[in-house]
Amino acid sequence: MKILKVAAAAAMTFALATAPAMADDKPVVGLVMKSLANEFFKNMLEGANAHEAKRGDYVLKAVGMQSEADIETQINAVENFITQGVDAIVIAPADSRALVPPLKRAMEAGIVVINFDVALDEKAKEENGVELAFVGPDNRGGAKLAGDALAQKLGKGGKVVIIEGNPGADNAHQRKMGFEDSIKEGGLVLVESRTAHWETEEANTVATNILTANPDIQGIMAANDSMAIGVVKALESAGRSKDIMVVGFDNIPAVSPMLSDGRLLATVDQFGQEMAANAIDIALDVLAGSPKPQGWVRTPVTLVTGEK
Amino acid sequence: MDIVQTREASQGQTDNQETLQDISPDILTVRDLHKNFGGVKALKGVSLSLRAGEVHALVGENGAGKSTLIKILTGVFQPSAGDILLDGQVYKPAGPRDAKFRGIQVVHQEFNLLPHLSVAENISFEQMPRTRLGLLDKKEMDRRARVALDAIGLQDVDVNARVYSLGIAHRQLIEIARALQSDSRILILDEPTATLTDRETDRLFNIVAAIRAQGVTVVFVSHHLNEVFANCDRVTVLRSGETIVTEEISETSPDQLVALMVGRRLAKEMALEKTTTELGSVALSLQNFRVAKSPYEEGVSFDLRYGEILGIAGLVGAGRTELLRGIFGIDPVASGQMMREGTPVSFASPREAIKSGIGFVTEDRKDEGLILDMAIAANVALAALEKVSQKGLLNRLAELSLADRLGSMLKLKSGGLSDRAASLSGGNQQKVVIAKWLARDPSVLLLDEPTRGVDVGAKAEIYAIMRSLAQKGVAMLVVSSELPELITLCDRILVLSDHRVQGEIPREAFSEEAILRLAYQRKDQGI
Amino acid sequence: MNVEATGLAQTAFTGRKKLSFKSVLREAGIGLALVALVIIFSVTTEHFLTANNITNILTQVTINLVLAVGMTFVILIGGIDLSVGSLLALCAVVAGKAISLDVGVPMAISLAVLAAVLAGTVCGLLNGAISAFWALPSFIITLGMLNVARGAALHISDARTIYSFPSEFNAFGSMTLYGIPVVFLVALMLALLAWFVLTRTVFGRLLYGLGNSEEAVRLAGHSVFWCKVAAFTICGFTAGIAAIIYMARLNISSPIAGVGFELNAIAAVIIGGTSLSGGRGSVLGTLLGAFIIGVLANGLILLGLSDFMRQMITGVVIIVAVILDHYRAKYTRN
């Protein structure tokens, strides 16, 4: 990948900004992603690369960030893409408000913009007079799938705990709400809800301590699989693997052994690898003349369990 | 140089003062000022008066009380007793700010400038001009700086230049410009010429003359008597925290001042004569030895023999400490040669100097000599850890017995060898430093101000230790600002000035006058 | 001059007398704070003082304790090491790669341990050598290393979690001996070793000296350079050990592990009474400091306080502990 070279490329192409983007007339798609230190986005990028190779009818330029909160880099990337005169920008915004103005500029420059993974803020869009569809998974609905699986196993009155992601992160919030939907619907009892900042070691510690304070809990819902791994290990150490159920989210490779032996009841796959590719497909369709998508284009979300 | 009328001079002062008082009124009068730091009496009766518009020199040996007096005048210290009158009213500055407000400014030897700010910013630093909105008024600041610089003849300095880009002389002058920013009535220059060349010094004195023409009183502290005689109206001599005399310059001479600065020492200290020992072979020999700071190619040359105590005298800045640091491998050597027992050596680090049997009792006990937070025993063993350890493991009993043995040898008084070194008195701390080196049985010992901050009793004990080491054949190089100390201890004294040997005095010719004459010879070849 | 053989062996180097009231206060002050916390949590929560929970606390303290022991060496000489959290991730990833090699379980585990320890040690050595050779502040050098190590960890692992370690290795992570986690015993042994090195060896003596006055140590003929390098190397070494413990406990290696661990380690050291400017402190203090942080994290969850409250209280306790230590130090010195 040539992520780091994009800035240099941007500078070089600046002089050619008015010229056609590519000589062979293949449309150029700029992909703006979040932290590539995150396995999820790493997979997504690889999916997109594979997709580019498979379709062969467009050129992909991808930019990642240093960390989850590196909004600056994303804004710069969007602006560089505008300068380069790409045909489409496909973006997983790091901030649902801050990215709206630069994306508006991109649209004004005639670039097709597709927002995926995290939805831009409705109000911010309205204020800026931007109409932009969102292509992405339903984190809340996905979490509810996992939560429902747990609720079904435990039955009414089952005592559960939520291990949350980073407070303030939109997907963390959505997933927590999804879990809470299941709890309400399935008649579960929420004993505690705590953050472990998406992190395995912290989830391990937090789960251990919650278990000490509440030995009677029956299920734990973790907002991602990294934390689910820490939770599973905590239960193993406490000798409670048999009687406490765990669900996660993301379906990362590391949990597959846990799913097969039942230490993890279920996780949710939002097909991250295909998510960027799907968004690119939509962008290319629009470029080919299809109508612009409206509202929320939901991408598939599936429950994954050990019983396959 | 002949010293004849030593005593008469001090008697003459009262008459002079009274007759001249009518001509020009006193702006500031200091009466019987005392200042104690704990048990140490830094000032024990300083009286002084300054006339409006005069240039008044303040001279005295290191430790005579000049700095303390200045610090009291500028509000840094409060006097223990005595009072100061400014324009006939009691003057008790609450702090440096207050002193400045009252018109007393000092330009220090060490610079107080902020190197990365501009000249203008430095000059206005104490009172930044503001616009009506409370913002920094840069125009006004530059204007003021220009005026201040022009006033002292620095037309060629750009007010926006960064201070670090200027030479030392300019910095010194900018300090003066800054001091003159506020309405100065008394300007104290503390050794302003120590770092200046002759031309720069001339320029400084032109400025001093201009300032004085504006009616500002200038107090001039200097070691250089030729400057005092060329530029000052009156001179006050301090010695051991007391005013000895205030004289009209026209009625005294450099010889007379030197004699007054030295005075007559305690008979007791003088009595502690070194018993002559047979000197051994040459332990350490320097030829044109020059540290990086030394400006002259010739450097320093001497032979130090086993059993000999060689004194190094000189003024502050003469390069005494630098010489010892160079020998010990702390600072790089620029040129010249060092021989140890006839073999050329060069020490890249103290470690190598120590290996060759050299020890260094530094001037700065607190930072370089001791680790104050550590136990006495640990400090004693610090340079000889291999003697109290096996394969890197410390043997604490060995350490204690080492400290115990050396402690009793040096008559160390402590609450216990496990107490922190900081708990000891200055004299006992110094004994610990000496013990640290004796633990290695050095054959050459460098000592820098070995009795600084040490009381009289401990001083005598340290002298005794050094003498007995000489008896045992240890070669010693002693730097001291206390001339009686050198006279008492040494077999020979080298006087340094400007990193060069200005002269060598054999034991039979020892006298403070002889030492000082050589020491002051830097610029005043005349006296 | 009196030489009391009794008090000496223990305290000759720090200059404290053994059983005086002040010295007890000095060493035990932070211990008293720990006891107070334990009492508070024992009274206010049902499960705090149970065998299981004590086992949990010991496990949870382990990684921070290991890192803090290494950090003690660095802080004692007046330095700081911000890279240990990232180093942990790098070591874990390197070891994760090694342990996944198909060379038989015992060999793979040995290789993993060796790889982790080696990676940490080398990075620590670089930290020390660079900051000592050019006399640069360790703050900025280790900040650089923080990024280098994190980047390397992500690069080597391709940003993926490495999993599926041999079950023998996994078992070691959760093994207990009379209710005491084996990993904690490892950390405790490390702390003991560090205590011995700092108090009983020439090297340890020089580290204390360096923190107090580098010049005095240099002028006494010792190599300041190598002492500094060694201190940072030890700190890197402990990051390697901590990485192994991390892997054994969680059975994964994550390139994003250990974010912010350096701050917890520094906090443990400082709470334990080691002076941030160097020269003063002890491993015993660090041990207590690590326990204060661990007990606080555990107890506050048991109390059922919200995440945000917990974070605030932890911060307040750190600040109060250091203020108390300031007064304690002042009082015991005069």
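We count from 1, first residue shown onward.
Any Cβ shown, glycine's included, is placed from N, Cα and C.
Here the structure is a predicted model, which means the values were calculated and not measured.
If you look up TrEMBL, you'll see C:24-45 (among others) marked as transmembrane segment.
Residues annotated as transmembrane segment in TrEMBL: C:57-77 (among others).
The annotation transmembrane segment is assigned in TrEMBL to C:107-126 (among others). Counting residues 6+ beyond its ends, the transmembrane segment (C:107-126) has Cβ neighbours under 8 Å at 70, 81, 83, 87-88, 90-92, 94-101, 145, 149, 166, 168-169, 229, 232-241, 243-244, 247 in the same chain.
The transmembrane segment annotation in TrEMBL covers C:133-156 (among others). Sequence-distant contacts of the transmembrane segment (C:133-156), counting only residues of its own chain at least 6 positions beyond either end whose CB sits under 8 Å from a CB of the stretch, comprise 74, 79-83, 85-87, 89-90, 92-94, 97, 123, 126-127, 225, 232, 255-256, 262.
Annotation source TrEMBL lists transmembrane segment at C:176-198 (among others).
Taken from TrEMBL, the feature transmembrane segment applies to C:219-246 (among others).
Among the features that TrEMBL reports, transmembrane segment is placed at C:252-271 (among others).
With a threshold of 8 Å between CB atoms, the same-chain residues lying at least 6 positions outside the transmembrane segment (C:283-302) that come near it are 27, 30-31, 33-34, 37-38, 40-41, 45-48, 53, 56-57, 60-61, 64-65, 68-69, 71-72, 191, 194-195, 198, 264, 267-274, 309-310, 313-314, 317-318, 321. The annotation transmembrane segment is assigned in TrEMBL to C:283-302 (among others).
Note on the transmembrane segment (C:308-327): residues 29-30, 33, 267, 270-271, 273, 289, 292-293, 296-297, 300-301 of its chain, located 6 or more positions outside it, place their CB under 8 angstroms from a CB of the stretch. According to TrEMBL, the feature transmembrane segment maps to C:308-327 (among others).
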Same-chain Cβ contacts of the transmembrane segment (C:219-246) under 8 Å, 6 or more residues past its ends? 62-63, 66-67, 69-71, 73-74, 76-77, 79, 81, 83-84, 87-92, 95, 112-113, 116-125, 127-129, 131-133, 138, 173, 183, 186-187, 190, 194, 203, 206-207, 209-210, 253, 257-258, 261
